[in-house]
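Here is what TrEMBL records for this protein:
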{"type": "SIGNAL", "residues": "1-21", "note": "signal peptide"}
{"type": "DOMAIN", "residues": "28-299", "note": "domain 'Ribophorin II N-terminal'"}
{"type": "DOMAIN", "residues": "307-411", "note": "domain 'Ribophorin II second'"}
{"type": "DOMAIN", "residues": "419-543", "note": "domain 'Ribophorin II third'"}
{"type": "DOMAIN", "residues": "576-676", "note": "domain 'Ribophorin II C-terminal'"}
{"type": "TRANSMEM", "residues": "587-607", "note": "transmembrane segment"}
{"type": "TRANSMEM", "residues": "619-643", "note": "transmembrane segment"}
{"type": "TRANSMEM", "residues": "655-675", "note": "transmembrane segment"}
Amino acid sequence: MMARGLLRFLASLLALAICNAASVSQPISDSHRSAAVDVFLPLDGSFKSLEEAYEALKTLDVLGIDKKSDLSLSTCENVVKVLGSSSSALKDLFYALSVNGILKCKTGEIVPKDIVSKLQAGAKDAKLLLDFYYSVRGLVLAKEQFSGTDVSLGDAEAIFRSIKALSQNDGRWRYSSNNPESSTFAAGVAFETLAGVISLAPSEIDQSLIQTLKTGIVKLFDSIQKYDDGTFYFDGSEGPISTTASVIRGLTSFAASESTGLNLPGDKIVGLAKFLLGVGIPGDAKDFFNQVDALACLEDNRFSVPLILSLPSTVISLTKKEPLKVKVSTVLGSKAPALSVKLADALSSKGSSVISNQELKFDADSATYFLDSFPKNFDVGKYTFVFEILLDESANEKAYITEAQTKVPIAATGAISIENAEIAVLDSDVGSVESQKKLDLSKDGAVSLSANHLQKLRLSFQLTTPVGVVFKPHQAFLKLKHESQVEHIFLVKTSGKKSELVLDFLGLVEKLHYLSGKYEIQLTIGDASMENSLLNNIGHIELDLPERPEKASLPPLQPTDPYSRYGPKAEISHIFRVPEKLPAKQLSLVFLGLIVLPFIGFLIGLTRLGVNIKSFPSSVGAATSALLFHGGIGAVLLLYVLFWIKLDLFTTLKALSMLGVFLLFVGHSTLSQLASASNKLKSA
């Protein structure tokens, strides 16, 4: 039962994998919000830089996650510090103003005019594209935050021309005039900067400049990348997510100005939105920010807001009679305007149409469009559903945009009928049935069969779909498992209306390694569209095969369980050797005494000979050398005792080598002094 449940689970998982293999865009959901909390909230409550703080706060703000109170204290201190410093870089001022626009920090005695003057000077003196960007966009933020402060650019048209000089003929832009390399990412930065120049200009910018810029935007779209499902994206060295987000930010900012009159192709705008949503949840914080920020720009722009069609599930169960559910929303999951959804076509895997021009019903409570009935010929299998979104009010067509048609892969699943299942043993000569048994494949069986190498085994059954069509499963095979754990798998083929397998044991004796005995019979039938996939034990068959010839191959060795080596080991019984008999303790003491007697005799001999120390050196230096020499000899004798008691040979030799070197020097010194004293006595 456990194996059968596992197989059904795998079949369902395979169905989901097949359906999700194609791109099915889903709007921003709670999974994004949950991931954003883990990615952007710092563990210690503070960010490494204002740039990192802005990206985190902007992402959380767009997703509707209120964490400002937890992050405002330390972040606002950094904002006030940067805004109040006269030495702050343009980049730091820009991100400080960006963070301040979200947190609304109390800037205290900071003078807005000083900030504005520095940004205006930066825009006037800038040579690099990023310096233009930080200065101009910083002034746009200052205009929003410091009301009553003059932030206009008096020489706006000259700045516009300076930035425009960095553009290339293919629509891409350079970061500086000294760098010949151009970038699509830089194009997005330039569009956003020029949009700021237009908004800060005291008078209208020359329309010929704007028209030239619009021509460059059209050329930039010539380099856009495309997938077969209608997904569009821009690519560059910064990566497709960052590059696409940069272009979207620039285009939406540029289109926000009424004087530009920018109109972009709707299919490409929807395609860009599908690309960003198709990424899922990025694993990198920078990509996460770029994805959410770009989608927020598409959510709120002047030219068109893309609508996304999504399905809660792309699997339809015919057994449960589940309706087809469709949702239409903006990229951030907001409700769509009044509209209707039509299923224009439903194509089977063979290309035939099974549903056409079917308008879906609308449930206002769940904001879901659904199709609750299917035609009688709608069967299990893979389909491609083609949807069309029709805006009900013509006024909405200017603000919202959709794909002309949205194609979604759908898998229809159902219970497959298994009929006329039987297993039989046939005679090889005439093919007559010797024994035959019916099978109930809805449960494990206990069929018992026997055969020899001159007979055959036949298994047959019929599979039909809920509408009575012959069903050919993706997987159908029979497994024979010998009692020695040797397994053999055979494919069950479907021909006509019947699935059948015939095993001729005469031709299989070598494959079966001439192993006679009991074989377990197991049948597996599975398919992504089959809700009742099975893995059943049918029974067993006793095979009587010829003896294995000497030159025939041996059965393969069966793999052992790798975890078996971690199990308990067999207990080891060990009998120790009987200790040898030792002499009596008294006898040992007698021999110890005999060993000590020579030393005692040595001491007695010294006293008899009248040994004295009259020749021991009297001077300090000579006496010291003599004492060290005799002390070294004593240390060697002590080392011998320690070796006998506890030390090993290597430790003893190491210590003896050091004592030997010591004795060499002090012994030479002592002998030299004795020789010198002896020579003096002789000369005297």
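Yeah, the Cβs are placed from backbone N, Cα and C, and that goes for glycine too.
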Give the residue counts of the domain 'Ribophorin II C-terminal' (576-676) per reduced DSSP state, in the order helix, strand, coil.
79 helix, 0 strand, 22 coil
By DSSP assignment, list the helix, strand and coil residue numbers for the domain 'Ribophorin II second' (307-411), in that order.
5 helix, 58 strand, 42 coil
Confidence summary (mean pLDDT) of the domain 'Ribophorin II third' (419-543):
89
